[in-house]
Amino acid sequence: MQRSPIEKANAFSKLFFRWPRPILKKGYRQKLELSDIYQIPSSDSADELSEMLEREWDRELATSKKNPKLVNALRRCFFWRFLFYGILLYFVEFTKAVQPLCLGRIIASYNAKNTYEREIAYYLALGLCLLFVVRTLFLHPAVFGLQHLGMQMRIALFSLIYKKILKMSSRVLDKIDTGQLVSLLSNNLNKFDEGVAVAHFVWIAPVQVVLLMGLIWNELTEFVFCGLGFLIMLALFQAWLGKKMMQYRDKRAGKINERLAITSEIIDNIQSVKVYCWEDAMEKIIDDIRQVELKLTRKVAYCRYFSSSAFFFSGFFVVFLSVVPYAFIHTIKLRRIFTTISYNIVLRMTVTRQFPSAIQTWYDSLGAIRKIQDFLHKDEHKTVEYNLTTKEVEMVNVTASWDEGIGELFEKVKQNDSERKMANGDDGLFFSNFSLHVTPVLKNISFKLEKGELLAIAGSTGSGKSSLLMMIMGELEPSDGKIKHSGRISYSPQVPWIMPGTIKDNIIFGLSYDEYRYTSVVNACQLEEDITVFPNKDKTVLGDGGITLSGGQRARISLARALYKDADLYLLDSPFSHLDVTTEKDIFESCLCKLMVNKTRILVTSKLEHLKKADKILLLHEGHCYFYGTFSELQGEKPDFSSQLLGSVHFDSFSAERRNSILTETFRRCSVSSGDGAGLGSYSETRKASFKQPPPEFNEKRKSSLIVNPITSNKKFSLVQTAMSYPQTNGMEDATSEPGERHFSLIPENELGEPTKPRSNIFKSELPFQAHRRQSVLALMTHSSTSPNKIHARRSAVRKMSMLSQTNFASSEIDIYSRRLSEDGSFEISEEINEEDLKECFADEEEIQNVTTTWSTYLRYVTTNRNLVFVLILCLVIFLAEVAASLAGLWIISGLAINTGSQTNDTSTDLSHLSVFSKFITNGSHYYIFYIYVGLADSFLALGVIRGLPLVHTLVTVSKDLHKQMLHSVLQGPMTAFNKMKAGRILNRFIKDTAIIDDMLPLTVFDFVQLILIVVGAICVVSVLQPYTLLAAIPVAVIFIMLRAYFLRTSQQLKQLESEARSPIFSHLITSLRGLWTVRAFGRQSYFETLFHKALNLHTANWFLYLSTLRWFQMRIDIVFVLFFIAVTFIAIATHDVGEGQVGIILTLAMNITSTLQWAVNSSIDVDGLMRSVSRVFKYIDIPPEGSETKNRHNANNPSDVLVIENKHLTKEWPSGGQMMVNNLTAKYTSDGRAVLQDLSFSVNAGQRVGLLGRTGAGKSTLLSALLRLLSTEGEIQIDGISWNSVSLQKWRKAFGVIPQKVFVFSGTFRKNLDPYEQWSDEEIWKVTEEVGLKSMIEQFPDKLNFVLVDGGYILSNGHKQLMCLARSILSKAKILLLDEPTAHLDPVTFQIIRKTLKHTFSNCTVILSEHRVEALLECQQFLVIEGCSVKQFDALQKLLTEASLFKQVFGHLDRAKLFTAHRRNSSKRKTRPKISALQEEAEEDLQETRL
């Protein structure tokens, strides 16, 4: 970045804002890059501002211990500059009050009786012009100074809040909503930037009103209060409209949240929607919600319209109510009329615009300051003082709870009752989730480790393993007992955490760089081969959360970070959960057994191999110590427990989830059988029920129910019900997880992440955007590693983890920790912003847009709804009628040959009124001219309403049409298009852009149309009265158009860069929250504060430059029109044949043009910016419909296919058999991407069951997606002799029943989720739910089938969701069933239900199954082996077993033997089909065989 020119600019350059000229010139000529932005001035540095405010806040805390106020700290930092700019701003407003005095004297000089004053008219005109010049010179520096000050206040508060977050206790974080925290930083603090500029009007407006009332009293005496009274009533009317508008907006917010919740679920599960052919059903559901939302949107728009239009139409009434009563009683002169009109223009702006805006600004700002103040008062993480000489780690009878104790409860009650002030966030959350029982997550835990020992911690699900590590780190405060260790800790979290930055930055983590240690750690964690693949090696910049890495790569980088730090104690929370067996074993040996052999290690694990090699074992069950000792002691003291685990074949080769399930069940059985369960059981009974869980009887029934998930049965909800933000991995490494509720320990005990394939793959899990369910910060820390709005990396871009053998560290005598590195280190963070790194970290896929909105966008927007064209024509006709009436009035006046002038108001609607009114003031004609004036005013006022209200109404209708078209295009778009787009970016069109088009655009367009017509109409009238003014008007119009075009090219680019620069701030905030425990464990708070300040400085550089260029433009527009006013003034005065009425009209209109034009210019810029949202929406509307690409490709290759629309021989019963033939199938995720499947050919007989085999990433799931035509495909597939080229997409997909790994459950009733098209009766649905075992569960909910599920059906277990998917397949009556690892997340019971249902209900269907469980493949007759993107083998089981094929690599010896035995049994005579009613008994029998 270049140094900012403002630092070396002189006073003249700063006054006239000449210093931003280089960036404006560059932006006009070429596209601006981040490197083109200037560095921030030193006074705007986040470090300096935060230090200043933090110092004053600490001073406030010290001096005002009882009631410290943040506003006092802000006052001490910024008050004097704020006051200086306020005085400057009042001086500007004072000049506006003086201008009518000069105008009155100029008009008086044209009176025939005042010929002596005619000579001084030129001096008066010069004085009037100088007032405008002075106003322009002082206004813009004052406004810019206040905006700059508001920006500095926001930066300081941003930094203060971030520092507080890093200090906040984990208990408090569990009660803070993540969305509210982000809102605190964005919505509330953004009020300072623009709000400070108008804050001074809270005192300027009353002073101005008093001054103006005194000046108008001098003209109209006591009648001045008539106009003022009307303005006050108008302000009260606007306040009432504002209150009504807020009521409507509150009601609408619920509908918006409902619409966005379903929209986000649909977008994140778009492949499921397409597979089930639910596009039309989902569109109807959203449209129904949208209709209700739009009714409230119209009411909000009407309120805003009447509030805005009240300003435009109030001018006439104010003048009429003030002047008319005075005219009937006293003699009135034209000078008084025009002077009064000018005063009232200023008074109207002050009362109806400036003062209400200032009040609203102070209300919002003080509310934001109170929220921030309450946040800063929350409890902080307590830093414990440790004895650094301590060698051992000891814990004695420690008990701890994440809940609050009774004493704390009463303390809060007392404090709340005594203060009775603004509700504190903690209080509200605490009482809304109050529990009478304190539930210890750990109870009476004791152990002792000497230096160099390894402690392995294992336990049942939710037993408190991770909470134990949190307690050692000081994140969880013990309520009893003592903990002893040195405090030098390193930590590897359960969910791998990656910060934005390079790979090297993530491993070193701000410590000094030691090449030998770094190389040793990289090799030990098997990262060397991964790093060499990246183009920039370890300097490769990783995105937020490491979204470009696979789960295993993230896990190994997280482990390497922990190893690189030289600590006394290493806490490793399930660090190997994302790795395969071979890699895990190698890393365990190289890291824990060799590299860290002299260090004290605590490892959370569920593997027997780790327990055997550990020096000590700690087994936890429901927070209690089940066993502590060595492995040999475990075999002696707990023979039942150890024998059951050792008797489980290949226990360590199971997935982590299944191992946890087995451990949990084993603990339960052994605890009960050994009598240990008494204590544990009583403790277990104290656990709290979920806020949203079903009634107690539901849990009792479920215990004996067939559908019991042992993994989720022991889970606990936290004090505050939170939304889940699930872990996610990218790439080809196996990783699975249980996205369940919060566990008893508040730490997720699921030890595997969830695999993520490209979006087109329905079978691979993708997580729904949690639209409105509350997510606490603690949940974010414990459940998520990447943002839900994630980049879906293509599978080809991610490489499988390294499997190379590593260096034998046993042969090395050098200890990598022998040379201790500095904690703060020499790893310095450059103060200069590395914009390229930041840009890469937060890379966006936003397509390049035009610098400014094109005319084609405006034209398309206008023609979206033809009524808008008619309304715009109506507006133009009314405008021409108003101008024509004004000109007719002028003609009538000249025809009467009365030598008087005319007057005007500030709107084009009132121009003719002023003409007639001014003619009327003569010595004898009072009453009839008043009647004419009033009649004309009423009629033109009505025409103004006719013009504005239909415009706003029609613009809202256009918004409805755009949303409907965009939704339809997105739902009907091809999956190949979704593979290139972020889910979050699509959702932004429905959130941000739709809100802009609904709310902001209609009223902004109305303001712009109204203002531009006022200016144009005034110029027309002035030009008719004085044709010479055209000599000034035409050049001014040209200059204005050129200036606007010149400025917009740069400003829109700066606005875009500013928007992009805002992303790293919030991304860093979320990243810090996710890794807060890691940051604290490593003591890197100051390092992260510096990174946050760099992100703040980057945004400041963009925002400050935007404000500066905006002020450059606005000042030049003012200068141009001041020159225009000067020209018009002296032309009017220099003309000898004009009367005082014409001079009054010309000068009053010219003054009105100058004051109105700035507003009109700002509106035009706003409209151009808002239309960019319309442009983005159009790009999504233009997404080609699904099937168009395939159709075009086939048409190009084979013209005969053009005539094939639908096969005439297709019957309603198709497909009847389910026979499928695949010929030369090639599939790509994008039309221009590489082939992920190449020339696959095979055939499946009707009713046959085929198993898909292959390594992870071989293409099994891709094949299932290709069969459903979700990808860009070539080749041919036939079902029962019918080719897919002759069948519509919906018809083709309805031939398949699909059971994916992750089920799509949208917000809606059970019935809607099972049958969204409402094709089946309740009886048929109940029959199917009973068949799959869901009936008893659904009946336990209040409304049964009409019970509404929200947030992806979070209240249901994964088993229930899979059974719902099974029920959908039964209802679809499909003849071909596709299954992709449907049992990956299931407990044994639900697995048996699905297995039995497939065996009986789908006995006559063709089944294609991709599965890793041997038990699931027992029924398959044929196996398709995929390797290298093509079919390796397609044979029966016997041939695969006899040949040296890939099959032998996929399954072990015991698994192959089990398959062979099952196949022989299946090849014999089939058993008679049992009754479905026997399903439960059979499942219970098989459960005993498969549970262990």
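Glycine is treated like the rest: Cβ placed from N, Cα and C.
The annotation topological domain 'Cytoplasmic' is assigned in Swiss-Prot to 1-78 (among others) on the grounds of similarity to another entry.
Annotated transmembrane segment per Swiss-Prot: 79-99 (among others), in sequence order, evidence recorded as similarity to another entry.
The topological domain 'Extracellular' annotation in Swiss-Prot covers 100-123 (among others). Looking at the topological domain 'Extracellular' (100-123) alone, the prediction's average pLDDT is 76.
Within its own chain, the transmembrane segment (124-147) has Cβ neighbours under 8 Å at 14-15, 17, 81-82, 84-86, 88-89, 91-92, 95-96, 98-99, 102-103, 105-106, 109, 193-194, 196-197, 199-200, 1107-1108, 1111, 1114-1115, 1118-1119, 1122, 1125-1126, 1129-1130, 1133, 1147, 1154, counting only residues six or more beyond its boundaries. Among the features that Swiss-Prot reports, transmembrane segment is placed at 124-147 (among others), with the record citing similarity to another entry.
Per Swiss-Prot, topological domain 'Cytoplasmic' is recorded for 148-196 (among others).
Among the features that Swiss-Prot reports, transmembrane segment is placed at 197-217 (among others), with the record citing similarity to another entry.
The topological domain 'Extracellular' annotation in Swiss-Prot covers 218-223 (among others), and the record cites similarity to another entry as its basis. Listed as Cβ neighbours of the topological domain 'Extracellular' (218-223) (distance under 8 Å, sequence separation of 6 or more from its ends, same chain) are residues 322-323, 325-326, 336, 339-340, 343.
Per Swiss-Prot, the feature transmembrane segment maps to 224-244 (among others); the stated evidence is similarity to another entry. Note on the transmembrane segment (224-244): residues 209, 213, 216-217, 299, 303-304, 306-307, 310, 314, 317-319, 321-322, 325, 344, 347-348, 351-352, 355-356 of its chain, located 6 or more positions outside it, place their CB under 8 angstroms from a CB of the stretch.
DSSP states for the topological domain 'Cytoplasmic' (245-299), grouped as helix (H, G, I), strand (E, B) and coil, give 51 helix, 0 strand, 4 coil. According to Swiss-Prot, the feature topological domain 'Cytoplasmic' maps to 245-299 (among others), an assignment based on similarity to another entry.
The transmembrane segment annotation in Swiss-Prot covers 300-320 (among others) and rests on similarity to another entry.
Here Swiss-Prot flags 321-340 (among others) as topological domain 'Extracellular'.
Annotation comment: Swiss-Prot describes 341-359 (among others) as transmembrane segment, evidence class similarity to another entry. The list of residues near the transmembrane segment (341-359) in space but at least 6 beyond its ends in sequence, with Cβ under 8 angstroms from a Cβ of it, reads 93, 96-97, 99-100, 103, 198-202, 204-206, 208-209, 212-213, 215-216, 219, 227-228, 231-232, 234-235, 238-239, 310-311, 314-315, 318-319, 322, 903-906, 914, 1148, 1151-1152, 1155.
The feature topological domain 'Cytoplasmic' is assigned by Swiss-Prot to 360-867 (among others).
The annotation domain 'ABC transporter 1' is assigned in Swiss-Prot to 424-647.
Here Swiss-Prot flags 655-840 as region 'Disordered R region', drawing on similarity to another entry.
As annotated by Swiss-Prot, transmembrane segment applies to 868-888 (among others), with the evidence given as similarity to another entry.
Tallying C-beta pairs under 8 angstroms between the transmembrane segment (1005-1025) and each of 79-99, 197-217, 300-320, 1110-1130 places 300-320 first. Applying DSSP to the topological domain 'Cytoplasmic' (1-78) sorts its residues as follows: 50 helix, 2 strand, 26 coil. Nonlocal intrachain contacts for the transmembrane segment (1028-1048), taken as residues 6+ away from its ends with a CB within less than 8 angstroms of a stretch CB, comprise 24, 28, 851-852, 1019, 1022, 1109, 1112-1113, 1116-1117, 1120-1121, 1123-1124, 1127-1128, 1131-1132, 1135, 1146, 1161, 1164-1165, 1168.
Stretch with the largest number of CB pairs closer than 8 A to the transmembrane segment (197-217), among 79-99, 300-320, 1110-1130, 1145-1165: 79-99.
Per DSSP, the topological domain 'Extracellular' (321-340) is made up of 16 helix, 0 strand, 4 coil. Among residues of the same chain six or more beyond the transmembrane segment (1145-1165), those with a C-beta under 8 A of the stretch's C-beta atoms are 96, 99, 103, 106-107, 128, 132, 338, 341-342, 345, 349, 901-904, 906, 914-915, 918, 1004, 1007-1008, 1011-1012, 1014-1015, 1018-1019, 1021-1022, 1025-1026, 1029, 1040, 1044, 1047-1048, 1051, 1114, 1117-1118, 1121-1122, 1124-1125, 1128-1129, 1132, 1138. Using DSSP to sort the residues of the topological domain 'Cytoplasmic' (954-1004) gives these counts of helix, strand and coil: 45 helix, 0 strand, 6 coil.
DSSP labels the residues of the topological domain 'Cytoplasmic' (148-196) in these numbers: 42 helix, 2 strand, 5 coil. Per DSSP, the topological domain 'Extracellular' (218-223) is made up of 6 helix, 0 strand, 0 coil.
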